[in-house]
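Per Swiss-Prot, these features apply:
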- Asn9, Trp10, Lys11, Gly175, Ser214, Gly235, Gly236: substrate binding site (BINDING)
- His97: active site, electrophile (ACT_SITE)
- Glu169: active site, proton acceptor (ACT_SITE)
Amino acid sequence: MRHPVVMGNWKLNGSKEMVVDLLNGLNAELEGVTGVDVAVAPPALFIDLAERTLTEAGSAIILGAQNSDLNNSGAFTGDMSPAMLKEFGATHIIIGHSERREYHNESDEFVAKKFAFLKENGLTPVLCIGESDAQNEAGETMAVCARQLDAVINTQGVEALEGAIIAYEPIWAIGTGKAATAEDAQRIHAQIRAHIAEKSEEVAKNVVIQYGGSVKPENAEAYFAQPDIDGALVGGAALDAKSFAAIAKAAAKAKA
């Protein structure tokens with residue numbers, strides 16, 4: 001049975017005070033909660049502080065990051081490597097987010113190379129896929145998702161998805177307040193799983209597929225009730241301890 005994962009992407013938000021307060025608040029809210037893995041991806045500058053805060057609290061919260069480079073060292077100004085992330089305890093690394101694809105011109109092929117390098121370094125890629133509003137309106141949702149997935153599958157084999165996480169995030173629902181219905185999200189998740197199953201039913205059966213896009217405490221239960229939605233990649237609601245914990249609790253309850 002797939003184990004649900006709820007991950008908070010803090011994006012470009014935070015301060016030293018906020019990191020400590022939010023993580024301590026999460027630890028308190030999640031006390032006694034089992035059956036769900038909870039992860040956070042703070043901005044790179046705060047990963048060290050987040051690790052120290054979680055370690056001091058004896059927390060089970062998983063530490064992640066929002067990006068990684070294709071190199072472990074060298075003349076690559078402004079980048080951070082998988083080796084550096086590992087040294088600070090970050091294990092779950094978001095790649096392929098639509099904001100990286102759009103604002104940093106990251107192609108499917110480039111994201112696939114990041115995926116391979118993270119796996120090579122023993123880290124867990126959280127591979128974001130999803131379509132724009134125009135692509136959604138044109139009925140191209142699954143074609144886009146398949147293309148983004150196949151950039152990994154066709155270069156590394158479907159087995160590369162073992163132990164990784166896929167996050168389906170329709171771009172038109174990220175930070176907009178608009179969200180795909182639970183039924184629509186389930187339909188796409190099922191199609192994503194079926195696409196993977198064309199190469200390996202075993203990998204498809206076991207891979208965790210999160211939904212992302214304006215997930216809130218008010219709609220989380222409906223998403224997690226769907227059989228192919230295995231958690232969430234959460235943006236805005238992850239910046240509030242009570243809201244994020246409520247989403248994690250909904251996942252634990254639905255998948256028990």
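Glycine residues also receive a Cβ, built from the backbone N, Cα and C atoms like all the rest.
Feature map: annotations from Swiss-Prot on the structure.
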residue : record                       : Cβ within 10 Å
Asn9    : substrate binding site       : 27
Trp10   : substrate binding site       : 22
Lys11   : substrate binding site       : 19
His97   : active site, electrophile    : 29
Glu169  : active site, proton acceptor : 26
Gly175  : substrate binding site       : 12
Ser214  : substrate binding site       : 20
Gly235  : substrate binding site       : 21
Gly236  : substrate binding site       : 19
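In the three-state DSSP classification, Asn9 (substrate binding site) falls within a strand. Trp10 (substrate binding site) and the residue listed as 'active site, electrophile' have their C-alpha atoms 13 Å apart, to the nearest angstrom.
If you take the Cα of the residue listed as 'active site, proton acceptor' and the Cα of His97 (active site, electrophile), they are about 8 angstrom apart, rounded to a whole number.
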